[in-house]
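Here's the structure, in structure tokens; my notes come after.
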Amino acid sequence: MAYALQQLINGISLGMIYGLIAVGYTMVYGIIGMINFAHGDIFMIGAFIALISIVMLVSGGIMEGPAAILIVLLVSMCVTSLYGWTVERIAYRPLRGSFRLAPLISAIGMSIVLQNYVQVAQGARVKPIEPLVPGGVTVMQAEAFVVQFSFMQMMIIAVTLAVLAVFTWLVTRTPLGRAMRACEQDRKMAGLLGIDTDRTISLTFVIGASLAAVAGTMYLLRYGVIDFYIGFLAGVKAFTAAVLGGIGSLPGAVLGGLLIGLIETFWSAYFSVQYKDVAAFSILAIVLIFMPTGLLGRAEVEKV
Amino acid sequence: MSGEVAAITMANRPAVAAAAMKDAAITALVAAGLFIPIVGLRTDVGADGALFVRQRWDDVAILVVLAFFGRLGLVTWRGLRGERRPASAARAEALRRAGTFVAPLLLGLAVALPFIPGTGRYELDLGILVLTYVMLGWGLNIVVGLAGLLDLGYVAFYAVGAYSYALLATTFGLSFWICLPLAGIMAAFWGILLGFPVLRLRGDYLAIVTLAFGEIIRVVLINWVSLTGGPNGITGIPRPTFFGLPFSMSGEPGTFAGFFGIEPSPVHRVIFLYYLILALALLTNWVSIRMRRQPLGRAWEAMREDEIACRSLGINIRNTKLTAFAIGAMFGGFAGAFFATRQGFISPESFTFIESAIILAIVVLGGMGSQIGIAIAAMVMIGGFEVFRDLDEYRMLVFGGVMVLIMVVRPRGLVGSRTPTVALGTRRAIGAEHVGQGRG
């Protein structure tokens, strides 16, 4: 029981990170119908920007505590958004309206570029940092097992919830959100009604990238080590989460992220660590056999 | 940054120049924002194990200046070029006529390569590598180009073929020529196994499940140590023999050199491998071309064009999809068996997602469905990758950049025309944009 509770806490905090990345995938998919393969690498860049700013700020002794984390988060979000914007501008916008596989290949190429760019610029070695938020509270004590809810995990969950709340407000309550939803439904019609679709799509990438930056910062704080390759696996998992939840559905992405996080932690805790990815992918395949459009996805209406 | 810049004429020159300068300045500003943190502030692990930052402002300055002039050059070039003229009929005809010579020419070159003076070990090895990717491209083309099913896990079948051959050959001592069809059958079986759960999935749902399948196979190969040797892979895979005659340096009567009475040379085996992969690749090509004229191949193409219409006409979509997966996978398996016998050593390292991505990129860059286009794309991508060996760590960076560039410049791939399988009257080449892309 206590062991399961601990896994629940670990799984939710991991799932939140996946959920944040998955939102970026699902938003881009909803609006231009392409898999943004470079999104995992945008997440990796977010983690690197956070790492660099932590080394500059905290290790330099300029600032510490929650204020420093806030600054790190903001810097990472700004710079990563710029990367997201640039990627869209260079690799996807020229292919708007082109056939389906062209942006996919372009995205895979961009993913290779970003990965190797960071490897060349920052080196291939793993980068460790000191834990910034130590300590935690003991939730429960059963026999010899202590259930820990660390401040780090609390922070991940709190920050993610706050960011998701702002994001939901942005999508449902603001003119930009309305433009985004309109573009998602019918891009041509939205354009005819005076929405600058190119700008809306660019902003979608910017928002997606800043969410990925939050995820990257949280990942860095949680694990304490990153390298240039973390983007691939996290990206694939988050994409799996987006598909599991029903691609194009924003609550679905968060739900899918949580599910993938929980499946992974529980599988590693009770069965085997080596096969945790197999478990996540198999559950994806099984869910899709019975629900071909994911958990919360809308069934696509085919018109003849 | 407005994308379109007006064509440059005498009258509007100053205004355009000012706009171009502004555009380039904004680009430089963005570049500065991008490069200052990642390039300018390099983190390194210090002597005490903690990270410290090394500042590299000169590199950032170079990159920003490059971005400025690059953008300025691009905008100016676009302005000077003006509106692109549509290709004239005469030019298209000339291109088509030239195109008919390309395929026989390349084939002749491929057959004659080992006998061209100056062809050494290195050139042959490169040829083998390129031909392997040509074969994989043609195999995947059956699934993606003909049937219109997006498969991001093709490398799984390559892996199944390689491991089937390696395990059969090392455990039971079977020869290459017995293992080759077995490896193909195993891969086809796995193709069907993958096909079943994804029958109802479309588009990107299909893409992620095939990707997941590729990853599952790789993770199993890494962790099932007792069967596959885990991350260490399988060593000591028997090298190919010339129909039972081993390529040995001893020159005894039982060896290749001894049997034919020629001087033993290590190049013989390489030449044999070269012709072997050439034959396998041509087999793939021949089967794809023949298939397109058969009911099954026509059903694949019909499914790619319109699945609903296809179903309404009584075509069994399930069987059509499964055969596409199975036959595509079979050729992947053949290529895998060849890979295992050539290397003599295989490990899960060789079967990562990036391989699937490269094969898919070859298919799309070649212009999906165009056999000759795929061969050219494989030559450009793989050959180019080998030629730029000196770039070292920048090689992958350039590789990805070229992928993006080709797609942006030619979204329909290098070869932009197709000859339809069926036509009323004479068959004429049509633009690739008229070919369906499949939604599966």
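Even glycines carry a Cβ here, placed using N, Cα and C.
Annotated transmembrane segment per TrEMBL: B:20-40, B:60-77, B:98-116, B:128-147, B:152-168, B:174-193, B:205-225, B:271-289, B:322-341, B:353-382, B:394-411, in sequence order.
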* Winner by Cβ pairs under 8 Å against the transmembrane segment (B:174-193), considering only B:20-40, B:152-168, B:205-225, B:322-341, B:353-382 -> B:322-341
* Counting only residues 6+ away from its ends, which parts of the chain sit with a Cβ under 8 Å from the transmembrane segment (B:353-382)? -> 99, 102-103, 106, 129-130, 133-134, 136-138, 140-141, 144-146, 151-156, 158, 211, 214-215, 285, 288-289, 399, 402-403, 406-407, 412-418, 432, 435, 437
* **Long-range environment of the transmembrane segment (B:20-40) - Cβ separation under 8 angstroms, sequence gap at least 6** => 1-2, 5, 55-57, 59-60, 63-72, 75-76, 79
* Where among B:60-77, B:98-116, B:128-147, B:271-289, B:394-411 do we find the most Cβ pairs under 8 Å to the transmembrane segment (B:322-341)? -> B:128-147
* **Beyond the flanks of the transmembrane segment (B:394-411) by at least 6 residues, Cβ under 8 Å** => 361, 364-365, 381, 384-385, 388
* Asked: Are the transmembrane segment (B:152-168) and the transmembrane segment (B:98-116) near each other by the rule of at least 3 C-beta pairs under 8 angstroms (pairs 6 or more apart)?
  -> no
* Structure fact -> Among B:60-77, B:205-225, B:271-289, the most Cβ pairs under 8 Å with the transmembrane segment (B:128-147) come from B:271-289
